[in-house]
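Written out below as structure tokens is the structure these notes cover.
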Amino acid sequence: MAQQSIIDTVVNLCKRRGLVYPCGEIYGGTRSAWDYGPLGVELKENIKRQWWRTMVTSRPDVVGVDTSVILPRQVWVTSGHVEVFTDPLVESLHTHKRYRADHLLEAYEEKHGHPPANGLADINDPETGQPGKWTEPKAFSGLLKTFLGPVDDEEGLHYLRPETAQGIFVNFKNVMNSSRMKPPFGIANIGKSFRNEITPGNFIFRTREFEQMEMEFFVKPGEDEEWHQHWIDARHQWYIDLGVNPDNLRLYEHPQEKLSHYSKRTVDIEYAFNFANSKWGELEGIANRTDYDLRVHSEGSGEDLSYFDQETGERWIPYVIEPAAGLGRAMMVFLMDAYHEDEAPNSKGGVDKRVVLKLDRRLAPVKVAVLPLSKKPELSGPAEKLAAELRQFWNVEYDTSGAIGRRYRRQDEIGTPFCVTVDFDTLEDNAVTVRERDTMEQIRVPLDELQGYLAQQLIGC
């Protein structure tokens, strides 16, 4: 199946099965804003859990924080965001729709293999295909404003954070002292960020409200390049370990002229989304932010954010390596890469098309489905009891509606690794049938061994 059609199919599946809904749909919705349904919440939490385990709890040199969405306004002035967190905005004179000029230029270069000789004049209107007629680019702030207090005035002006990183930097000294950490060490944060995107879109890929998984790793100057490469490799491998096909991933080195104001070097992990105007899209960025952030916040706040190395007697401002991932983008990648269609036998002796999400078991929203073969009390009673017992350990779904094959299909398309069928033989042999999602193989497991069997199969879940 072509990748673009996979996007459309996955979007349809997400809406139909309750992973993602359009925000405020009964009122017409908000463009590129999404609510996460019951299964979507579970998938998101599982992704966050795996990220946190890998980046924080499995390491002795990283700790976590949860910082405020609304920071003092001076944080964003000092960091440079108020001045430079802008995008070039242009308007089509054909449709009067607005676009980011850099996105138009990048899409042209990716399609043609070279930048447009005459700049925007060579770029056709994306909607109508007419020869390009554009306004002059204007700076457009990506910061979302809000006001604190009873009056909407300059004194109450604040910003919703466009990244979680600054909350980490301003807490650097607090964390270092209270946790008795010293470089090299990291501080991680998962939370909501907000950006006033000009052209949000592509499902949950680019939205104005999004969730980030970021870690700032503080190192001694001179050791930054080695640590940067370490985190590039580690983050790339994380996606592969959770089931993403490495052929669908690539590393993209930012050209020097396109680096952010704080960056010495940035490498993106990109995924082959195959959007209409671009094959590759950023999944995660790993940046060498140098000592920029701690240095400017030391100057702006008057607080010394340097580190005194007792072993060498030197004082220095740490460099920062930042792996920054978007949770929505990660979720989109895991869904697209897990989506498969194959065939499965039906009750009539033929075969049906089967949609299956071959999600890594650690990510699957539901781990086990308990399915009584019949609604009769002699089966439904023990099945309900079994489901209640298994819920103490995993997210379990209980389903009695429809033929057993149809119920298997429902679980396959949401990625449930195991279906446990309670049948009439269970009443005689105290065993159940366990079906594995990907192979569709079925084995008989005694009830008193079921929990242990599933625990072995669901390690890390």
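From the backbone N, Cα and C atoms, a Cβ is placed for every residue, glycine too.
Feature annotations, reproduced from Swiss-Prot:
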type: BINDING; residues: ARG100, GLU163, PHE210, GLU211, GLN212, MET213, GLU214, GLU322, PRO323, ALA324, ALA325, GLY326; note: substrate binding site
type: BINDING; residues: 195-197, 205-210, 282-283, 326-329; note: ATP binding site
Distance from ALA325 (substrate binding site) back to ARG195 (ATP binding site), taken between C-alpha atoms, in Å: 15
Least buried by Cβ count (within 10 Å) of the binding-site residues LEU283, ALA325, LEU327: LEU327
Whole-number Å value for how far PHE210 (substrate binding site) lies from ARG329 (ATP binding site) (Cα to Cα): 9
Cβ-based isolation winner (fewest other Cβ atoms within 10 Å) among the binding-site residues GLU197, GLU214: GLU197
DSSP-derived structure type at PHE210 (substrate binding site), helix or strand or else coil: strand
Closest of PHE210, GLN212, GLU214, PRO323, ALA325 to LEU283 (ATP binding site), Cα positions, binding-site residues only: ALA325
Residue among binding-site residues ARG206, ARG208 with least C-beta crowding, 10 angstrom cut-off: ARG208
Count of other CB atoms lying within 10 Å of the CB belonging to ARG195 (ATP binding site): 21
